[in-house]
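Before any comments, here is the structure.
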């Protein structure tokens, strides 16, 4: 038998052994917040005699939910006083709501055999709806429309309420799409991911007896990463906890990085007004970082006045100083990193290194330099630069400029749009003979193609995904400036892609340097990390400052 509290520091012990009532655990990075949450669940069962089936553990990924459940089971298994018959329910908000909807959805016309549409299913549904409404896919891009509908659902705005918020023709037409899209889903006995939360809230509001059933079942609710909750998730949590008030949430406003998908760190502050007897416990001892890193981080973040700032401390060593290298260019930056990696390989594996950046467009220079330098790398959460849709589209036009017999590029250009291809072909046939290929630079050709085809008009800079694609196109333009000759440029692109084959450096390789965005890196640890692009307007990103 183990003493659950013996593994914890004093603040963690306070949080874990807290009695009844609402509790906010403000936990800094690397402070053992998930540990505190899982130990609290085990403590409630072993010491407070709470039934496991009366505890609900909610988080944001299936992986995290699985790990939390395993930790709780392991703690209970080591306590010989208990024979485990049941475990707390541990899952994501969406998986939890999906289960409720299968049981309680009938009054809303949702049968037990309903299907959940994934992103591609949703896009196909939107396209069918728009076709019936005779709306152009080019003007109303399915992804942009779905993003708008998703934002509305996360703010609990139904298809019937949305028209009153719609401004301008675009939003008014989206309002009609939203209405018909929901009808389409209902006809097909389907819901999308946002509906899982939205519909459960609707059931709880319309049928108080159903809400009461789950309030009684889950008398203790524990939520991880609370700063990442959106309005719908906040409301579900509040409704479930409103009877017994036994709500424990873990969060840190300084770690809120998902506002672009509806997360609102202010939900942490809202807890105080919704639960006036809220107890707050800070976890400020860091187990992950060195003193130098913590001091540097605090010196930056302490200027933030929008929320309480935790001053983390550690018993770890002072550690190496943070190195600042002022590069003369992106290439010089990549070269410096490659040299540093090679210099440390006598004591470290390649998998010990990570290179982090703000946007996926920044990976291009790193990918190319690592390939040429023979450094294997793993690109996380992104498509290789020259395989990205918008890049392949533009390369198709460029290849047709250099070689009009390229049938593969012609087929791709046709898919971009026959009208655009027709304008491009007219320009190529009429203007290209007048242009000297030797005297015209790659960037001149590229810009001319973008202008003639109006390719950039395909993307809305206000849309998050489209903006990312436009950034990639700008990055391609910066590559083009290094090649005065279009043939040399296209040759370089082909060679870079050839180097990426699985049996080449940078291909499928277990021991490799990790390249990823900062968002993708949340919660991960590496012995040595490089952060690139620490430039005004890029880090933090200009869009984050709006």
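Every residue number used here counts from 1 along the chain in the order it is shown.
Glycine residues also receive a Cβ, built from the backbone N, Cα and C atoms like all the rest.
As recorded in TrEMBL:
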DOMAIN    6-290  domain 'UvrD-like helicase ATP-binding'
BINDING   27, 28, 29, 30, 31, 32, 33, 34  ATP binding site
DOMAIN    291-523  domain 'UvrD-like helicase C-terminal'
Among 28, 30, 32, which are binding-site residues, the residue with the most C-beta atoms within 10 angstroms of its C-beta:
28
Restricting to the chain of residue 33 (ATP binding site) and a gap of 6 or more, list residues whose Cβ falls under 8 Å of its Cβ, or answer none.
25, 27, 224, 250, 252, 283
Remaining residues near the recorded ATP site, that is with C-beta within 8 Å of the centroid of the site residues 27, 28, 29, 30, 31, 32, 33, 34:
36, 252, 283, 286, 287
Suppose we draw a 10 Å sphere around the Cβ of residue 27 (ATP binding site). How many other Cβ atoms does it contain, all chains included?
30
For the binding-site residues listed here, 31, 34, which shows the highest count of neighbouring CB atoms within 10 A?
31
How many other Cβ atoms sit within 10 Å of the Cβ of residue 29 (ATP binding site)?
18
Could you find out if DSSP has residue 27 (ATP binding site) as helix, strand or coil?
strand
